[in-house]
Amino acid sequence: MKLSHLDEKNHPKMVDVSDKNITSRIATASGMIYMSQEAFDVIKNNTAKKGPVLQTAIIAAIMGAKKTSEIIPMCHPLMLSKVETDIMEFVKECAFKLIVTVKCEGKTGVEMEALSGVSIGLLTIYDMIKAIDKSMRITDILLESKEGGKSGKFVRS
């Protein structure tokens, strides 16, 4: 299989999408962060010294999605029309799951924007709570679903 990000001299390039049709694109990604009971309680009780952790993580996730083309070399800058987040608590596991959905009308997909949003949001939680628990684990960052474009629909089973 020929890689689209390499030219005939095997040099990196950004893929030319100028001939592609503009279609509705949507992608959802998720990831988990596991922590100690103490760190989990600080987040739940909103008593972190650095401020409201989950609210800050949501803002960071949105910013991460919007800035994807600046940190992932071959990503095209996209005009996003929606970035939506959700955070689920897992009390028994002392964990949070961050879910990010990104949408645009464009010539290329938004999977990387959704994945970047999740990554930056979870890293923000880590940053804000690391004084309490440096052993936190960020895991399972993955694409849940995507629609649009020639590759069609994908839903993780």
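Positions of Cβ are set from backbone N, Cα and C atoms, glycine also.
Annotation source Swiss-Prot lists active site at Asp127. Take the CB of Asp127 (active site) and look out to 10 A: across all protein chains shown you find 14 other CB atoms.
Residues or ranges marked as substrate binding site by Swiss-Prot: Met74, Cys75, His76, Met112, Glu113. Non-local contacts of Met112 (substrate binding site) by the CB criterion (under 8 A, 6+ apart in sequence, same chain) comprise Thr68, Ile72, Cys75. In the three-state DSSP classification, Met112 (substrate binding site) falls within a helix.
Taking the Cα atom of each, Glu113 (substrate binding site) and Asp127 (active site) are about 21 angstrom apart. In sequence order, Thr68, Ser69, Ile72, Leu78, Thr108 are the residues of the same chain, not among Met74, Cys75, His76, Met112, Glu113, whose CB sits within 8 A of the CB centroid for the substrate site. The DSSP secondary structure for Cys75 (substrate binding site) is coil. Other C-beta atoms found within 10 angstroms of the C-beta of Met74 (substrate binding site) number 12, with every protein chain shown included. Cα-Cα distance from Met74 (substrate binding site) to Asp127 (active site): 27 Å (rounded to the nearest whole number).
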